[in-house]
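*Asks:* Dropping the structure in here first, questions after.
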Amino acid sequence: MAAKEIIYNESARSMILAGVNALADAVKVTLGPKGRNVVIEKSFGSPTVTKDGVTVAKEIELENRFENMGAQMVREVASKTSDIAGDGTTTATVLAQAIYREGSKLVAAGHNPMEIKRGIDKAVEAIVEHLRGSAKQTKDAKEIAQVGTISANGDETIGKLLADAMEKVGKEGVITVEEAKSADTTLDVVEGMQFDRGYLSPYFVTDPEAMKANLEDCYILISEKKISNMKDLLPVLEAIAKSQKQLLIIAEDVEGEALATLVVNKLRGTLHCAAVKAPGFGDRRKEMLKDIATLTDGQVIAEELGLKLENVTISDLGRAKTVIIDKDNTTIVGGQGKKDKIKARQQEIRAQIENTTSDYDREKLQERLAKLVGGVAVVKVGAATETEMKEKKARVEDALHATRAAVEEGIVPGGGVALIRAQSSLEKLKVNDEQRFGVNIIRRAIEEPLRQISANAGEEGSIVVQKVRDGKDSYGYNAASGDYGNLLEMGVIDPVKVVRSALQNAASVASLMLTTEALIAERPKEEKPAAGGAHAGHGHDF
């Protein structure tokens, strides 16, 4: 085992502080509407230009291993905040730096770090309570657009696009961000349920120009098994041919004789039909087929339910107003499912989202929920160069998370003002003298985001903080325009979830670092010179 190096007490804390400052000073220049960019070198390709705090934080590795520990702890603050709220990473970093900087002075002066930590925890609890109490629920698309604009660093087009997307697919709908092929940023909305399986044969196409198969007012047969034998399908095909309706078959696969018969009937015009493979794999496929069945008021034909293909009647089939199939996707619009059953299915999926621990499963469940609730919106981000595209895409993703957070827990005045207003909640706290120091650390630290926003805008932080503190409610400083006024009316707003998560994560990690007394790291290995180098080339005979 390699030898370890250990440092204690004051030297440990000063090393942590040096690491915290190195990372936070690089991140905090990006805060606010007048924040600056950071350029990051890449081992290949062009450098990345970013104004996103967590992207900067993730790139920082310090040479000194003890300082690096401090930097990595603060990096954890930024990435945790990004995971929970999707935004507020720079605010969280600024708060963590302020809490640790103030706290380490007190610990050095001989105060009890455990009591300080308790004071910090109580203060954070009081502020979170105050933030939740003063939250205003987002009602209209305009407010959602304002949240998106601020999170996208003042880009109004992004804010408006996201507000449109939310209006079209609902608050639970899935909004995805993709790179566009052109320089324009656009919004595509897919209504109804779409899954990534196309037609099994191009002979099903009804619109040769667009290469799409369109079915109107059709029946939908949903089977879990592979269909290859024509005999099994005959009874249901005859019934549908009599009813003069159209048919979509969704099955594990349709092949051989069964597929050939469907194609021949389609070409002869005796039966207007199409077949696609079922989406997903394994258990997820079963669940997705149940979703389609619920949406269209059909029945999944599965042997475990005692249903066989040859016994299927028209009443077991789903119904939909329109089905559009291209070579890659199938979209079902206007499913005839019963509202109460669809609601029950949505609740079931929501419960699974609450209980799952896997991020991948959660993402897939949210996609399924969105398809049942209303649809999917795709924001296609366009830019003139790839460097700009990457930077813009990161901003759109941030803005998307922020708008979701705003819808979830409501909004408060932005620009660091909500935290200043929450200072009043610290007056009534019952704490002992040592804990009071912890409370005072938080009182001072929560001014830091506003100070930094002002400094980045070229103003003197202390003067701005004093002016804002003298005001009431939503009165604050709009760094984008340089004016003071009602921030809610000006559209300078932050989601409660973002502000809350930033403070909670910053306080959690900073107070842990305050109670640290020793750091242990591996001693660097000394490089030995290569053996035999001195005698090489002297013509020895062996």
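Yeah, the Cβs are placed from backbone N, Cα and C, and that goes for glycine too.
Sequence annotations record features per position, and here Swiss-Prot assigns ATP binding site to 30-33, Lys51, 87-91, Gly415, 478-480, Asp494 based on sequence analysis.
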*Asks:* At a 10 Å cut-off from the C-beta of Thr30 (ATP binding site), count the other C-beta atoms across all protein chains.
*Replies:* 22
*Asks:* For a quick check of understanding: among the binding-site residues Gly88, Gly415, which residue's Cβ has the most other Cβ atoms within 10 Å?
*Replies:* Gly88
*Asks:* In the three-state scheme derived from DSSP, which category covers Gly88 (ATP binding site)?
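*Replies:* The three-state answer is coil.
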*Asks:* Around the Cβ of Ala479 (ATP binding site), how many other Cβ atoms lie within 10 Å? Please give the count over every shown protein chain.
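*Replies:* Counting Cβ neighbours of Ala479 (ATP binding site) within 10 Å gives 26.
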*Asks:* Within 10 Å of the Cβ of Asp494 (ATP binding site), how many other Cβ atoms are there?
*Replies:* 30
